[in-house]
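One structure below.
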Amino acid sequence: MAGARPPPGLLPLLAPLLLPLLLPAGCWALEETLMDTKWVTSELAWTSHPESGWEEVSGYDEAMNPIRTYQVCNVRESSQNNWLRTGFIWRREVQRVYVELKFTVRDCNSIPNIPGSCKETFNLFYYEADSDVASASSPFWMENPYVKVDTIAPDESFSRLDAGRVNTKVRSFGPLSKAGFYLAFQDQGACMSLISVRAFYKKCASTTAGFALFPETLTGAEPTSLVIAPGTCIANAVEVSVPLKLYCNGDGEWMVPVGACTCATGHEPAAKESQCRACPPGSYKAKQGEGPCLPCPPNSRTTSPAASICTCHNNFYRADSDSADSACTTVPSPPRGVISNVNETSLILEWSEPRDLGGRDDLLYNVICKKCRGSSGAGGPATCSRCDDNVEFVPRQLGLTERRVHISHLLAHTRYTFEVQAVNGVSGKSPLPPRYAAVNITTNQAAPSEVPTLHLHSSSGSSLTLSWAPPERPNGVILDYEMKYFEKSKGIASTVTSQKNSVQLDGLQPDARYVVQVRARTVAGYGQYSHPAEFETTSERGSGAQQLQEQLPLIVGSTVAGFVFMVVVVVIALVCLRKQRHGPDAEYTEKLQQYIAPGMKVYIDPFTYEDPNEAVREFAKEIDVSCVKIEEVIGAGEFGEVCRGRLKLPGRREVFVAIKTLKVGYTERQRRDFLSEASIMGQFDHPNIIRLEGVVTKSRPVMILTEFMENCALDSFLRLNDGQFTVIQLVGMLRGIAAGMKYLSEMNYVHRDLAARNILVNSNLVCKVSDFGLSRFLEDDPSDPTYTSSLGGKIPIRWTAPEAIAYRKFTSASDVWSYGIVMWEVMSYGERPYWDMSNQDVINAVEQDYRLPPPMDCPTALHQLMLDCWVRDRNLRPKFSQIVNTLDKLIRNAASLKVTASAPSGMSQPLLDRTVPDYTTFTTVGDWLDAIKMGRYKESFVGAGFASFDLVAQMTAEDLLRIGVTLAGHQKKILCSIQDMRLQMNQTLPVQV
């Protein structure tokens, strides 16, 4: 009504002091102001409609600075529609704008004699334009062309004259596309004062992170937008992974770093990792990375900054296998105290270690043999040359680790010089030959070496004709040969002498086997007998039958081999024909059938109905809107607001309910998805499952009513009450959640989003599973790294089993994994699983069998149950029925909950590595190989005799190669596990008494 004014006494309440509100800014977030009325002292001159609505007044803040405000209080009249529009605000190329409103609202109940149209809310709108074109009548004062941002409700209203309280609300809108915009405020019957309005936008400040520089970046068009900011490495840094970028989120905060830089060689981090500083002279850094510069190793130096390696001093070297951080070393001094012991044509050399090893521990010895000719006296110098290859060194000539060598097969009456060299890993780097100690010896007269081989020239029923080669080392003139022979079955030996290297043995028995040996003789005596050789005389009937008998095994073997080959060819042909008859789709011709036991209640997916409304009618109760009273907004959901209200059904007492509303302007798909949660909840009836009261679908807005849970979500409830509950109380909460999940699993329902944030708590600390809105189906798009569901939500990586992330295999077993994470959340009082690790780091850690450590004061039995839930093989995880039984036993046996892990909690404790099995838990070597996923080698281990853990613990890489483990990766895995086994054995050795 024209000329209407607020009731007497209300105006003073509409101009309270402006209280400063200090909000912690987001990490690295910047706010740039587009408009702020707080600092305006002259008239704002905004446009109001009608003129009797909003009124501009002056006031003072707490510092007595003048401020301009707008107020309205036409509560005595119904059907109010008062509009207020700001001046034109330039957008500055931003896509999303934030509005901070400071206002006061009077409680309608404190104003006497007012109609029921009094409100405590107002609406925020905006209108885009390319220039300042608005007038008093254009655009029309209504929603559309104006775009509604939100309905603004106060946190606190006031009722007394001296108790005005300032509310601060921040809302955002976008995306914006035109040059600027207007803000508009609609009052529909409130008594309020608009104290200040600030329009601003957010951006991520320029930052240096991970040795990379990222520029100042505007936020995106949506709160969930991620804007890519390309980065560049700082000076003296290099890229270690590409592309190098950082994401700016909608709150102006940097997140999700991709790629990284690190300090180059010769440079170390400085100024809190914002600089890479050159290493000063006398220090170096060999590898790129975040490590510091190090002093030069012994016997090395640098003379300039930014050195990546220190050069060795003169006569000092590094081996090719030495790292840059190794000390420079030198060659060893000669061996000491060489002793020779000659025995005819062989000798033994022994020596002592050099005085100076050159600073290395890879000392080896070489023995150089030289044969000398000529006089050793005054008649002239001797001429020496390298020995022949037939000289034998035991254990070897080069690369000796022992300080003793046996040398044989030398020539008799010959002078030799032996040089014993000391070498190490840098001897090849030195321009000088290895240092050595020499010894001269002369061999004595010696008997000839043994005859190498005997040959059969002919045989008969009574004789054998044999020949042989002369000894390799006759050591003089061969005088004759002596042959020893005897019939193998009798063992009585006879001898015969020959001047030549052949002989015929006569008077032998027919068809008999004889053992023959021969030796040579010089003036020094007989040499050793040759190795025994066996020869056989023929039978008197002739050799034809004997030849046939000798060839019979060959004939039989060839026949059998031919038959086996034919059988293999026939089998292969049959297999190929069978594969041709069975097409590639044969494996899909049979389908699995699910049989449900009589009387068992089974969950029915509402998305299987042709008409989703039919599922709602079948499983949810329709409630008349007159029975519902909305009291206040307590949150916002994906589809609309979440409110607290009351439900009064005929014949029943009034109860508090939580009300989810469907926002205005919904699509049919949004309505279907919104009501699908009611169709799901309506099928459940369990004290630990959130109860559906009903739905309102025949009026607007569409609503879902559930029981009201006073303590809201479990995670925030635990954080607010950190350390306030006993272990028994926490286990009781976990038991309730497990009981609810047991009920769901028995109904064949997979939750897929089990987390503490989706568990609601009532005033009696009863926990109930909620949030059944996650889509049951995931889009099969393997190129999408976020694994988004059909509702657009992302899979909660930190709570999801690895098979569900990798293959989207959601089962009750994957819910068990999530339950283990919920257990960890409860025992840590709402701490974030995996702390500040990125989602990709979490995936990698879980894939490498790392698990969360026990929270502070967590009973060992509970953490073991968590680890059981996090077993990689989903078939080995406990069922929810087993989890409930385990928790019941723990509750009955409270003493078991007093045993806690001694490790610290929180981020200071690393993730637990679950890959090292305790060998004492296995009964056989085969079980151990199965546990480390090397079961394919069980037969190889047993066949080679490694059937006990004591023998396995002594195995080397050569042993693995010998039994058939040829793959380098498998060798490494088995050897690492053997090393762990040795450590465990050392820790559990019994004490001898």
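Cβ atoms here come from the backbone N, Cα and C positions, even for glycine.
Since the structure is predicted, the reported quantities are computational estimates derived from the model, not experimental observations.
Per Swiss-Prot, active site, proton acceptor is recorded for D753. Under the heading ATP binding site, Swiss-Prot lists I634, G635, A636, G637, E638, F639, G640, E641, V642, K660. What Swiss-Prot records for 31-209 is domain 'Eph LBD'. The domain 'Fibronectin type-III 1' annotation in Swiss-Prot covers 331-446 and rests on sequence analysis. As annotated by Swiss-Prot, domain 'Fibronectin type-III 2' applies to 447-540. Feature annotation from Swiss-Prot assigns domain 'Protein kinase' to 628-891. The domain 'SAM' annotation in Swiss-Prot covers 920-984. Marked as N-linked glycosylation site by Swiss-Prot on the basis of sequence analysis: N343, N440. Feature annotation from Swiss-Prot assigns signal peptide to 1-29. What Swiss-Prot lists as topological domain 'Extracellular' is 30-554. Look at Swiss-Prot and you will find 576-993 tagged as topological domain 'Cytoplasmic'. Summarising the annotation, Swiss-Prot assigns transmembrane segment to 555-575.
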- Message: Summarise the domain 'SAM' (920-984) as counts of helix, strand and coil residues per DSSP.
- Response: 45 helix, 0 strand, 20 coil
- Message: Of the recorded positions I634, G640, V642, D753, which one has its Cα closest to the Cα of N343 (N-linked glycosylation site)?
- Response: D753
- Query: Applying the rule Cβ within 8 Å of the centroid of the Cβ atoms of I634, G635, A636, G637, E638, F639, G640, E641, V642, K660, what extra residues of the same chain belong around the ATP site?
  - Reply: C643, T661
- Message: Considering Cα atoms only, can you say which of N440, I634, E638, G640 is the nearest neighbour of D753 (active site, proton acceptor) among these recorded positions?
- Response: E638
- Item | Nearest-integer angstrom distance between the alpha carbons (Cα) of A636 (ATP binding site) and N440 (N-linked glycosylation site) | 99
- Task: Whole-number Å only: compute the distance from the Cα of V642 (ATP binding site) to the Cα of N440 (N-linked glycosylation site).
- Result: 103
- Message: Please list the DSSP helix, strand and coil residue counts for the domain 'Fibronectin type-III 1' (331-446).
- Response: 3 helix, 55 strand, 58 coil
- Across the topological domain 'Extracellular' (30-554), what does the pLDDT come to on average, as a whole number? 88
- Task: Would you please pick out, from the recorded positions E638, D753, the one with the fewest other Cβ atoms within 10 Å of its Cβ?
- Result: E638
- For the binding-site residues A636, V642, work out the Cβ neighbour count at 10 Å and name the residue with the minimum. A636
- Which ones in the same chain are close to G640 (ATP binding site), with CB under 8 Å and 6+ residues apart in sequence? K660, T661, L662, K663, P701
- Rounded to an integer, what is the Cα-Cα distance in Å between I634 (ATP binding site) and N440 (N-linked glycosylation site)? 102
- Max CA-CA distance, Å, over listed ATP-binding residues I634, G635, A636, G637, E638, F639, G640, E641, V642, K660: 14
- Task: To the nearest whole angstrom, state the Cα distance for the pair E638 (ATP binding site) and N440 (N-linked glycosylation site).
- Result: 97
